[in-house]
Amino acid sequence: MITEFLSLLCLGLSLGFEDEKKNGEFSCIHLICSCIPSFLSDPLNSGRALAVITWKIQTNSEFFPETLTKPYLSALPSPVVEQGRNVTLRCLGHRHNVTFMLGKLQDSGYRQEQRSAGYEAEFLLTHLEPKDAGTYFCAYKTMDSQEWSEESEHLQLEVTDDRKKRRAPPGGKATRSTIAATCSCLSILLLFLSIFLINRCTQHDLSHEESTKRTSHSKLPQQEAMG
């Protein structure tokens, strides 16, 4: 029973790889099938042959493609960067000895690749301009895989123009200083004006009081003379 099963399995796999034969390529399936007759010559080795073939198929990426976990993309020191400054986009994967790729959603032609012996790669973007702003993502692949992993979550990079803001504070400070000086001068002027008015009122009251006293003193002799 095992003999018939192995023969049919080998036949099906060989037919499936007919194109590879035409191109002169050989897969591990052909090697497995070529080993079957030596195992089948002894019925006791039939179980061993089945185990070997099963293991080869399970470990063959042609049948079970390697699934790579989605990486993580971050911006250092921040995803909001002042124009003319630098930023580092770090892509963190889940395998070492891989090739990392950085892409941009708004530009299909934008692509940077970097080989890394570790689990991450850093892409340095220098002298940023407004055109560098956009949505970035990264992916990675191993040496054995031909397909990239799933793209990371998108990272929105913002480039701000703070040069105008840097020029604005001196004028703002000068304006505030002028306003403060003007207010101080007005306060001093009002203070002197208040003192002057208070002094005038005081002098007027004193003059009125003295005039009243002189009038009362002048009336007393007249009253005495009439009396």
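Any Cβ shown, glycine's included, is placed from N, Cα and C.
Record features (TrEMBL):
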- 151-163: compositional bias 'Basic and acidic residues' (COMPBIAS)
- 65-160: domain 'Ig-like' (DOMAIN)
- 151-175: region 'Disordered' (REGION)
- 207-227: region 'Disordered' (REGION)
- 179-198: transmembrane segment (TRANSMEM)
Same-chain residues near the transmembrane segment (179-198), Cβ under 8 Å, at least 6 residues beyond its ends: none
Helix, strand and coil counts within the compositional bias 'Basic and acidic residues' (151-163) (DSSP): 1 helix, 6 strand, 6 coil
